[in-house]
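Student: Sharing a structure here in C-alpha cells format.
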Amino acid sequence: MKTQMLTTKPSPTATATGITPLLFSPLITLFTTQFRYYYDYYSDTSYDSDTDRRNLEKLVRTRCKSGKLGLDEALGYFDSLIRARPLPSIFAFNRLFGALSNKNHCPDVVSMYRQSMNCSRHFRPDVCTMNTVIKCLCRLKKVDLGFSVLATLYKHGLQPDAHTLATLLHGLCTQGSMVAAMELFQDILDKKHPCNEFTYATIINGLCKAGKTSKAFELLKRMYDDKRIKPSVYCFSPIIDSLSKEGQMDRALSSFKQMIKLGVVPNVVTYNSLVHGLCKYGRWEEAKRFLINMLHRKISPNVQTYSMLIDALCREDKIEEAISLFELMTREGVEPNVVTFTSLISALCNSDRSDEAAQFLENMTSRGITPNIVTYTTMLGFLCKEGRVRKALDLMEAMVDRGVMPDVFSYNTLIHGLCRSDLWREAIELLDRMNDHDVSPNVITFSILIDSLCKKRQMNEAIEMFDLMIQRDIRPNVVTYTSLLDGFCRLGELGKAKSLFDKMVSENIFPDIITLNIFLNAYSEKGLMEEARKLFDRITELGGEPDQITYHAMIKGYCSQGKMDHAKEILESMLSKGVLPDLMSYNTLVEGYIKIERIDVALVLLKDMIQKGLVPNHTNKTLSILKDIEILR
C-alpha cells in the first residue's frame, strides 16, 4: 500500500493524503443501508419546541450511557435525530455513533454517517464524529476509506487530533501494512502533526506484532531520549510482551526495571506478560515474586495472572501450592475460569487423585462454568486409565448433552481405554459413531484399533481395519506397520511379516528400533540366528542405536542354542556402547552358562550383576538360578 502523506495546509479540495479526495460512492457501494427510510429526505420536519429536541438529546445520552442500547432502538433514535429541524446537537449523534461503535456495529455507524452527510445540509460533523467513523472503517479493514474520511475532515475546515492519526496508524498496522504505517508515522513527526504517547504506543505495538521487536525497542529508546513525550505503560508493555514470548526474559526484565526507573507505573497486562514468560521457561519462583510485587503495588492480579501461575505449578507437580494459590484467588474475589480449573483437574488426574479432581469438576459446574473439550478429555483419559470405561462413556454422553462436541483426540482417548480393557468391539463401534459427530478418525485412531486387534491375534480383522484406513486416504505410519508386524511375528508368520515390511519400506516409511526389535525377537524365538545377526549388524552399520531389548533378543537367541561365546560377545558389545544389561539379560546368560555347566562364569556374572545394583528379590528368577547352582555344587 502506498504511503498516504499528510499536508499541513489543506485547500478545500486537497486531502490528508495529498491525493484527489475519494467521493463517498465507495462507501455507498460497500455498505448497504441497514434500515428503511420512512420519510422524505428533503422534507424539513420541525419539532414543536426546543424542549422536545432537548428531551430527545437527553434520552439519547441516557440510553447510550446505560450500555443497554440495542441496534433497533439506536436506529429509531437516529431516525428521530436526522428528521428534526433544526438538527439536534452533533454531540447527540456522536454519542449514538460511539455507543454503536463500542458494540462493534461498525457497518451501521458508517451507514448512518453516510446518510447524515447525504441527507442533510445542516449536518456538521466534528473531529469526534470523524474519529469514530475512521475507527469503524479501520475495524472493517477499509483503511483507504478511513483516509477518505480524513480528507472530508479537512474539507470541513477541521484539524485531526492525535487520536485521529493514531487510529489510522493502528488500522495500517492491523492489516499488516507496516511500511505504510512507518512512513505515515515519520510524516507525523516531520510535519509536527498532533502526536502523543498513544501515537508512539500504536506504532510500537504494530512493530512488535510484526515481529520487529528490535525496531520497536529503538523507537522507545528514541522516545525517552527525546524527552518531549513521556513513554506510557502502553509503550513498554508490547515490548515486554514480545521479548517474553521470544524467550528473551532478561531483556524483558531489564525493560521492566527501566520502566519503573522512569516512573511509569506497570499495569496488569505488563505483569501478565512477565509472569507468562517466566512460567513458560520454568522460572516460576520469579513469577511468584512478581505476583507478590503486584499485590504490594495495589495492582490486582486478574484471572489470567492466577491461571498462568497455577498452570505452571501444576506442570512442576507442585499441586498443593497450586491449590493454595487457587484458594487465594477466590478469597481475593477473582473468579476462576475454565483454564484455571482444567489445569488443576489435569494435574490431580495425573497424580491419581481422582476424588479431588471430581470435587474440582463439581466446583466448576456449580459456578456455572462449562467444562471445555480439554477438561472433558482429561477426565476421559483418567477414567480410562483407571479402567472405568463405562463411566468414561457416560461422561462422553454428558459432554455431548452439554453442547461440547468431542474431537478426534477425545475419541482416541476413549477408544484407547476401551482397547486396554479388552472391549475392542465397543471401540470399533465408537469408530462408527465418530461419523455421527462429523469427526474424522486419524492415523492414531486406526493405529490404536489395529494394535488392539493384533494383540488379540485377530489378524484378519486387523488387516481389514488397515484396508479401511487406506480406503479413507489415511496414510499409515511406522506405528501402524509395527503393530501388524508384531502380530504376524507372534503367530510365527514371518513370511507375511517380511512382505509387509517390504511394503512399508517401498512407501518410504522407515522402521524404527522397535520395529527391528520385533524381527530380532522373532528370529531369536525361531532359532534363526544367522538372519538375526545380519539384521543386527545392518542396524549398527546404518548408525542405528540398539537398546536393551535389541541386545537381549540376541543374547536370548544365542543362549538358547548354547552359543555362549557369541552371547558373551553381545554382552561386551552392549557394555562398550554404554547400554546397561537388565536383570532379564543377566538371568538369560547365567542360565545359559549353567546349562553348559560353566558354573564359574555364571557366578562371575551374578557378582557383576549385583555390583551394578541389579539385586534380585524374592520373586526374581535369579533366586531359582542360584538354587540350581547350589544343587550342581
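Just so it is clear, glycine is given a Cβ too, placed from its N, Cα and C backbone atoms.
Note that the coordinates shown come from a computational prediction; the quantities given were computed from them, not determined experimentally.
From TrEMBL, here are the annotated features:
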type	residues	note
REPEAT	126-160	repeat 'PPR'
REPEAT	161-195	repeat 'PPR'
REPEAT	196-231	repeat 'PPR'
REPEAT	232-266	repeat 'PPR'
REPEAT	337-371	repeat 'PPR'
REPEAT	372-406	repeat 'PPR'
REPEAT	407-441	repeat 'PPR'
REPEAT	442-476	repeat 'PPR'
REPEAT	477-511	repeat 'PPR'
REPEAT	512-546	repeat 'PPR'
REPEAT	547-581	repeat 'PPR'
REPEAT	582-616	repeat 'PPR'
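Please go over these features one by one and say how buried each is and what sits next to it.
Tutor: Across the repeat 'PPR' (161-195), the prediction's mean pLDDT works out to 93.
In the repeat 'PPR' (196-231), the DSSP tally of helix, strand and coil residues is 27 helix, 0 strand, 9 coil.
Long-range contacts of the repeat 'PPR' (337-371) within its own chain (CB-CB distance under 8 A, at least 6 residues past either end) are made by residues 303, 306-307, 310-311, 314-315, 317, 319, 322-323, 326, 329, 378-379, 381-382, 386, 399, 402-404.
Residues of the same chain lying 6 or more positions beyond the ends of the repeat 'PPR' (372-406) and with a Cβ under 8 Å from any Cβ of it are 338, 341-342, 345-346, 349-350, 354, 357, 361, 364, 413-414, 416-418, 420-421, 423, 426, 437, 439.
Below 8 angstroms of C-beta separation, residues 373, 376-377, 380-381, 383-385, 387, 389, 392-393, 396, 399-400, 448-449, 451-453, 456, 458, 465, 472, 474 of the same chain, each at least six residues beyond the ends of the repeat 'PPR' (407-441), sit close to that stretch.
For the repeat 'PPR' (477-511), the residues of the chain that approach it from at least six positions outside its boundaries are 443, 446-447, 450-451, 453-455, 457, 459, 462-463, 466, 469, 518-519, 521-522, 526, judged by C-beta separation under 8 angstroms.
Outside the repeat 'PPR' (512-546), and at least 6 residues removed from its termini, the chain residues within Cβ reach (under 8 Å) are 478, 481-482, 485-486, 489, 492, 494, 497, 501, 553-554, 556-558, 560-561, 563, 566, 574, 577, 579.
Counted with DSSP, the repeat 'PPR' (547-581) comes out as 26 helix, 0 strand, 9 coil.
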Student: Tally of helix, strand and coil residues over the repeat 'PPR' (126-160) according to DSSP?
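Tutor: Helix, strand and coil residues of the repeat 'PPR' (126-160) number 26 helix, 0 strand, 9 coil.
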